[in-house]
Amino acid sequence: MPIQCSSCAERQAVLRRPKTGHSICKSCFFLAFEEEIHQTIVSARLFNRGETVGIGASGGKDSTVLAHVLKVLNERHDYGLKLLLISVDEGITGYRDDSLETVKRNQQQYDLPLIILSYQQLYGWTMDAIVKQVGLKNNCTFCGVFRRQALDRGAVMLKVDKICTGHNADDVAETVLMNVLRGDVARLRRCTVISTSIDGEEAIPRCKPLKYAYEKEIVLYAYFNKLDYFSTECVYSPNAYRGHARTYLKNLEAVRPSAIMDVIHSGENLDVKEGVKMPVQRTCSRCGYISSQTLCKSCVLLEGLNRGLPKLGIGKHHRLHNKILAQQPIIHQKEKLKTVEF
Ligand code: SF4
Ligand code: ZN
């Protein structure tokens, strides 16, 4: 027997919201999903009128939904934001080249400006070439560090006030679990923050408007809206540790749907006891990027690649900073940056 929508009591329900368990029709789901994100944006004061906001766009479901919802809300609630899409091309054949095609279609569908920055332009290396040198074990370390900086550098070039990323509730909960399991107190404290400030790990503040949106609902929203997104996994995706945290969380969610939100709330309410050493932010003496060490992680990794010593920057403590600093860099990031054209 058809079930009536528990929200409007007019139309037929077509889905059961994973977050609330309510049976609901398509239009009421869209509205509820969008307005919850609006509430997140308003209560955390994520944006100010007149700001230019760069959306980190990968072509995947999260960033596609984020771009779609932000465009809707910007018009509906008159945020007065200038939105644009920033994509990073890691140089991964069979993955990023295809997903970038999706981003290019999204650009047309949403009528938003798009900029694509590539690892090749910024660092002189593609992920394909990096994997050839470092293998499939530590590749995501390089990729993650380079992406963080690439997005930031793109945002600086475009004079963007804020970057927002498509991290959803499941991602945040997974990260909380991973940081607990690794005992990474500094990251544990930072990972639930919805919006990083100027003195964060990046030069441009970042925010996560989908922080409280369940992955399952993002998929439903994309599906019912017939959004155009790319769903293939990266060909170099080992990331075993996150995979375990993900499976663990999914198992918890199956027994208790609020598990995701519960883990986020636990992370948010953790207090770091006094005396725990937190990293001090300064700037990289080579490229000027924000860093807690003399050299930023990206410069160390890049130096390792260029010297044929890819293990150089892997691991938490690398004692080779001074040694590297004493030598001439093989490729200077800033010099490489001058060649970037748009
Ligand atoms: Fe990069 Fe690893 Fe993500 Fe692939 S899975 S895009 S290599 S971080
Ligand atoms: Zn640097």
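Backbone N, Cα and C define each Cβ position, glycine as well.
A TrEMBL annotation is a machine prediction, not a hand-curated record.
A quick note: this is a predicted structure, and the numbers were derived from the prediction, not measured.
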Additional site residue, VAL88, VAL131, VAL134 [criterion: listed by TrEMBL with GLY56, ALA57, SER58, ASP62, GLY166, ASP171 for ATP]: VAL88
Max CA-CA distance, Å, over listed ATP-binding residues GLY56, ALA57, SER58, ASP62, VAL88, GLY166, ASP171: 19
Residues of the domain 'Cytoplasmic tRNA 2-thiolation protein 1 C-terminal' (283-312) by DSSP state, where helix covers H, G and I: 13 helix, 3 strand, 14 coil
DSSP-derived structure type at VAL88 (ATP binding site), helix or strand or else coil: strand
Which of ALA57, VAL88, the listed binding-site residues, has fewest other Cβ atoms within 10 Å: VAL88
